[in-house]
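What follows is a single structure, and I will ask about it in a moment.
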Amino acid sequence: MATSLTKFSRRAALLAPVLALGLAATACSAPGADESPTTGSDAAVSTDLGTDPITLEMYAETGFPLAKALADEFTKQHPNVTFNIREDQFTVIVENAPRVMASDNSPDIIRLPTMVDLVKDDLLKNLDPYFTAYGWDKFPASQLVQLRVGEGGTTRGTGSLWGMGLGYSVTGVFYNKKLAEQVGMTQPPATIAEFEQLLAKAKTAGVQPIMQFNKNTAGINFPHQALQNQFGDPAQVADWIFQKPGATFDTPAALKATQTIQKWAQAGYFPKDANALDYASMVGEFQKNNGLFMFNGDWESANLDKTMPGNVGFFLFPSESAGGKHVAMSAPNTFGIGAKAKNPDAAAFFLNWAHTNPTAREIAVKIGGSSPGGPSDLAVPAAAPNTVLAETLKASQQLGEENGAVDFTANATGGIFAAAITPEMQKLIAGQQTPEGYVKAVQAEYAKELSR
Amino acid sequence: MTSAFGSAPAGRGDPVATPARPTRPSAARAHRKRWARAGGTGWLFVLPAVVMYAAFVLRPLVLTIQYSFYNWNGIGVARWAGLDNYLTVFTDSDLLKIIGNALVLIVFFSFVPVALGLLVASLVRRITTGAFGTVVRTVLFLPQVIPLVAAGIAWSWLLSTNGLINQVLRAVGLGGVARAWLGDFDTALPAVGVIGAWVLLGLCTILLVTGMSKIDPALYEAARLDGAGPIREFFAVTLPSLRQEIGVCLTVTIIAALASFDIVYISTSGGPGLQTTVPGLEIYRLAFSQRQVGLASALAVVLMLLVLLCVLPIQRLTRGDKS
């Protein structure tokens with residue numbers, strides 16, 4: 001015992017200086033940055049690219065070839081500008097963005113997750129001066145509304161512009177044409193009731209009605225929000241996403257949508273193993289003709305045209321009564337300019353070019369599969385006829401005309417998708433959560449995050 | 001942050017080497033001799049290791065403890081939070097459930113591999129020599145060599161709705177039990193546990209076989225002369241002699257259970273619901289996706305203490321009277 005005690009005290013004596021070293025290496029002040037000066041929005045900007053060689057640092061998303069394709073074309077047209085592109089999975093960018101942008105090697109152009117926190121931490125460049133300089137007021141206002149954040153990172157949807165889209169995506173329902181024929185679907189449903197009839201018909205015919213993933217992140221939030229958008233005023237949904245004071249998720253529309261999802265789950269309209277299916281598996285199963293419908297976005301159009309040519313159709317989720325307004329989740333593939341960017345003017349030039357240059361707009365459609373955005377008087381480049389790409393582009397234009405775009409509820413706060421929507425949705429479809437409980441749990445997490 | 005719990009097992013080794021005595025005779029080097037006798041040269045030798053240890057283990061550990069007293073998003077200004085984060089860890093029902101999941105995993109990651117390992121080791125003990133023995137040992141140890149991410153992916157295929165396990169079940173007429181094992185609320189956590197048990201069984205078996213080979217054969221002979229059968233032999237000779245090895249197995253596997261991340265992240269991502277979320281995964285999510293660095297740090301500190309709480313008694317029990 002005595003020996004072990006001396007052994008211990010000797011060990012402690014040796015550990016003490018080592019620990020002290022560890023402590024010394026740690027600054028004893030509070031962690032985090034000191035208040036850094038805000039980048040003023042009134043700084044002079046230039047719309048001239050010049051001829052000096054410039055290397056633009058870009059941080060883009062793996063599996064999103066549009067960014068690289070646009071960068072290559074830009075270098076072809078403006079040889080003095082080259083790109084250094086770093087790619088990561090989107091979820092990795094979500095986790096890395098604040099630290100990467102706070103570092104000395106902050107990228108010039110970066111694919112952005114939610115912007116509010118970045119604005120709050122002064123990590124993004126205010127694009128208002130470029131908005132004026134390039135005349136982006138000629139773009140439909142609804143195109144850029146999701147990219148606006150109020151002073152100090154409060155409400156979204158108003159205030160200064162902080163990002164632009166490289167392509168503007170639209171979501172809806174893809175359907176398998178062969179299976180549609182098999183269950184007697186001759187045209188896309190005009191009402192939710194018709195859609196539900198088709199689900200029932202598919203089920204009786206032994207066809208998986210909806211192929212949807214729900215592992216890792218809740219893919220069933222797509223149909224959920226599609227229903228929520230129609231069961232109430234979509235402005236209510238938008239207000240909640242934009243964090244307008246007083247907005248709540250605990251609404252009759254959200255509850256009715258949740259009840260419908262529960263009903264569909266109980267009826268077996270979703271795959272029995274949805275909670276074990278991830279996004280890639282869902283797309284794979286749909287391509288194997290396993291599923292009549294799939295709720296997804298136009299970023300998958302080009303891929304589906306390649307893997308199941310001529311066999312896929314697309315429609316915007318219908319309203320409750322025939323002829324009602326379409327509402328769909330539609331969001332820009334947001335790119336922003338870092339507050340510490342070394343070449344902000346060139347980055348802004350590139351973003352403007354991607355919206356207005358004819359070749360760039362064609363690339364956005366052909367490679368990105370989505371609308372290029374830009375001024376309303378520029379025509380959207382046509383896609384090949386009889387492709388689902390052509391259908392999603394048409395849907396995107398129709399949605400723009402009906403002014404029916406809303407952002408994703410999953411984007412309401414930084415943590416809402418991972419902390420509430422995903423686990424609660426997994427519980428809901430497994431019968432472990434009630435619709436009332438679901439709505440309350442999502443709102444509780446939202447309130448908790450906003451109170452921080 | 002992650003190094004906080006990774007550091008728990010690292011502190012056990014005595015970091016100081018025996019001081020070396022200079023042997024070259026030199027008249028003007030008397031003071032250097034004194035310095036060396038005081039352990040100076042020894043310190044020089046360990047200096048690189050100490051610096052690395054301080055920079056990559058102690059500093060993060062101290063920082064983690066510091067962060068746990070703040071509300072901080074990782075970038076902006078931190079606000080002093082006192083013990084609020086710890087209060088949240090011990091009162092939030094979700095976080096308590098997550099800690100509970102890790103404790104359940106101990107059964108699968110520790111008890112199952114050690115128990116099965118003892119059984120397998122007793123069976124293969126007699127064939128550990130020769131070429132066949134090498135094959136057996138290699139096969140048993142293989143899961144330990146495979147990266148956990150690869151193991152997680154392979155097992156999520158096996159356990160999927162149309163995976164091999166369900167195919168076999170259907171083939172033998174048990175189609176009724178077939179399910180998405182990792183996506184089902186009742187089976188997800190045990191299914192993750194099975195993956196862990198598979199990974200750790202080889203390690204335990206090899207450690208135990210090695211331990212068994214060191215047991216004096218005379219003991220077995222004596223037991224047999226006294227009329228002990230194989231089972232009595234196991235409990236009277238094998239088990240007591242393996243005390244230290246079992247201690248090592250339990251220590252390593254309990255840490256693996258409490259600090260698990262890779263297998264869970266790959267096979268279920270913590271779902272469905274919070275059914276398989278473990279502290280390691282939650283710490284990562286809190287810090288990097290929800291940007292609650294303070295709360296994540298507090299959970300990391302609690303996890304480290306939990307590891308020590310589970311592992312220290314085992315150390316005491318299995319080492320106690322041998323020294």
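Each Cβ is built from the backbone N, Cα and C atoms, and glycine gets one as well.
What you are looking at is a predicted structure, and each value in this text was computed from that prediction instead of being measured.
The feature region 'Disordered' is assigned by TrEMBL to B:1-28. Annotated compositional bias 'Low complexity' per TrEMBL: B:17-28, in sequence order. Annotation source TrEMBL lists transmembrane segment at B:42-62, B:98-123, B:135-158, B:188-209, B:246-266, B:293-314. Annotation source TrEMBL lists domain 'ABC transmembrane type-1' at B:99-314.
A description of the local structural setting of each listed feature is requested, covering burial, neighbours and distances.
Remote same-chain partners of the transmembrane segment (B:246-266), defined as residues 6 or more beyond its termini with a Cβ less than 8 Å from a stretch Cβ, comprise 5-6, 8-9, 102, 105-106, 108-110, 113-114, 117-118, 148-149, 151-153, 155-156, 192, 195-196, 199-200, 203-204, 207-208, 276-281, 284, 303, 306-307, 310-311, 314-315, 317-319.
Beyond its flanks by at least six residues, the transmembrane segment (B:293-314) meets 1-2, 4-5, 7-9, 64-74, 78, 81, 85-86, 88-90, 95, 99, 102, 106, 247, 250-251, 254-255, 258-259, 279-280, 282-284, 286-287 of its own chain at Cβ-Cβ distances under 8 Å.
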Can you name the far-off residues of the same chain, 6+ from the ends of the transmembrane segment (B:135-158), with a Cβ under 8 Å from a Cβ of it?
120, 124, 127-128, 164-165, 182, 194-195, 198-203, 205-206, 209, 262-268
With a Cβ cut-off under 8 Å, give me the same-chain residues at least six positions beyond the ends of the transmembrane segment (B:98-123) that come close to it.
140, 189-190, 192-194, 196-197, 200-201, 203-205, 207-209, 212, 234, 238-239, 242, 246, 249-250, 253-254, 256-258, 260, 274-279, 282, 302-303, 306, 310
